[in-house]
Amino acid sequence: MSQGLTEEQFLIERCDLNIQMNHSNHHTEQFGEDRLIVRRGHPFSITLLLSPDSKEFKAAETRLTFIVETGPLPRKDSDTMVSFSLSESTVDSEWSASANNQAGNRISVSINSSPDAPIGIYSLTVAQEMQKTFLGHFILLFNAWCPRDGVFMDSERKRQEYVLAQHGQVYRGTFKRIKGLPWNFGQFDTGILDICLKILDNNPKFVSDADRDCSARKNPIYVTRVLSAMINSNNDRGVLVGEWGDFTGGAHPGSWIGSGDILRKWAESGPVRYGQCWVFAAVACTVSRALGIPCRVVTNFGSAHDTDANLLIENFYDEDGERMSGGDSVWNFHVWVDSWMTRPDMGEEFSGWQTSDPTPQETSEGIFCCGPASVKAIREGELTKKYDVPFIFAEVNADIVDLVRLSNGEFIKFSGSTTSVGRFISTKAVGTDERRDITHHYKYPEGSTEERQVFEKAKHHNKLQQRGEEPGLHLKIKLADNMSIGSNFEVNAILTNNCMKTKTCSFLFIARAVGYNGKQGESCGFASDKVEVPSGEVCSWSTLTATN
């Protein structure tokens, strides 16, 4: 390993990864001590044991470069390969290393990982000029203890519950008879973390572009969305096969009491038969917690399945009172998971709990997955936000409409309810096995003015979302098609009002000539006007611009 060392180099005989100490500092001791597992954005220490024949180690004079790599195709541009030099101190915002102390031939080095680094299995190498020495492998996880990490949670009690707790309760039944099912998440059981990483490596995005997928694993939003697709097996060789009727050839969903057996069976032989919503959710919770994402299992009683995305559950009857077949339904209960993370893609106000649903119900972007959707966005009826907010909003807040079909084919509403959907939304309380009602996180109180206002807003946003539009006022400037150089031309201002109310707008139009070099010339057009634009309508306003 050390042939041809120069006077500037020294021989590293061995590297001690200090697993026990690092695991204690990184809250990973429950994984055991077989290999190093650390959380990103927090320093870990290694000890380099030098050969007695090596030159004297002087940190200030030593040119050491550490290299960390993850994924099958490590690249600097993808942040899956990073090199960093030994320096006087570590930096908490990026990969860095410093020598802490020296005792004889033992050099203690502190390495800090980036709080935005991709999670996964890493190799660690040290380079001296052209000589490289492999130091070992380690696994990097999300870090709920690091304020710079997107999954940071500022309550130790909640971190203990939503990252470290291996046992919990999954609620089932009806809103009148809620029963807790004890569940063994077992995220620290032997081999489970490897299986969780294997799930990521089996997702279609990794298969099609491993480099891009591994790089994207820095983002808990991305990882959570991948998991919501991979826990079911509808579009891939995911973990569980869903079944709600014939359980021949597999285990009844009600027979499972923990995630470990399911995950091990999947790792050995592929998709496991069978699961239903609480099984999908509990397994997703196990994988999320294993990877370091704070996660809780949530049950919604009176859960709507809105197949036509109109926020209504429509029950159709004939004139004899017989129920006609239809796609919409309301389940006694439905179970999903909430994961804790920031949402830089939507704005700080939408950070916090994010709902994702691994049960295969409807497709999202062509795949059977759902979320993550901000719980705040669901509560406020912000249906144009990512991901799948309309579907989850309907699950907790759709209106029920009962209609009868007359002999002439016309449908008449004869009954309905605005309060039957989304009741007693439940999760296990922090630190106890008691049930906690979190309905108020998802919706305003039923019958309140705020709840009805949000529902009307949601209907408005739902129409915009289906048209691919955003709420608010949108202005476009359009030049006349027949415009020619040297002639006067017409300019059209097109204003679209995607707000819920009529808007009175003041137009102010100023035009200037601009030379090819960017220099502004004289004014060639000015006009102003005030217009009233009703909700959902478009106003077009034109003016004539003179050429010089």
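Don't overthink the numbers, they just go from 1 along the chain as shown.
From the backbone N, Cα and C atoms, a Cβ is placed for every residue, glycine too.
Pulled from TrEMBL:
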DOMAIN    269-360  domain 'Transglutaminase-like'
ACT_SITE  Cys277  active site
ACT_SITE  His334  active site
ACT_SITE  Asp357  active site
BINDING   Asn397, Asp399, Glu446, Glu451  Ca(2+) binding site
Restricted to the domain 'Transglutaminase-like' (269-360), the mean pLDDT of the model is 94
What DSSP reports for the domain 'Transglutaminase-like' (269-360) is 19 helix, 40 strand, 33 coil
CB neighbours within 10 A of Asp357 (active site), counting all protein chains shown, number 31
Glu446 (Ca(2+) binding site) to His334 (active site), Cα to Cα, whole Å, comes out at 19
Here the binding-site residues are Asn397, Asp399, Glu451, and the Cα closest to that of Cys277 (active site) is found at Asn397
Cβ contacts within 10 Å for Glu451 (Ca(2+) binding site), all chains included, total 17
Between the C-alpha atoms of Asp357 (active site) and His334 (active site), the distance in angstrom, to the nearest integer, is 10
Rounded Cα distance in angstrom between His334 (active site) and Asn397 (Ca(2+) binding site) is 14
Same-chain, non-site residues whose Cβ lies within 8 A of the Asn397, Asp399, Glu446, Glu451 Cβ center for Ca(2+) are Ala398, Thr418, Thr419, Val421, Gly422, Lys443, Tyr444, Gly447, Arg452, Val454, Phe455
Note: among binding-site residues Asp399, Glu446, least Cβ-dense neighbourhood at 10 Å is Glu446
Within the same chain, the residues at least 6 apart in sequence whose Cβ is under 8 angstroms from that of Asn397 (Ca(2+) binding site) are Leu311, Ile378, Val421, Gly422, Tyr442, Lys443, Glu451, Val454, Phe455, Ala458
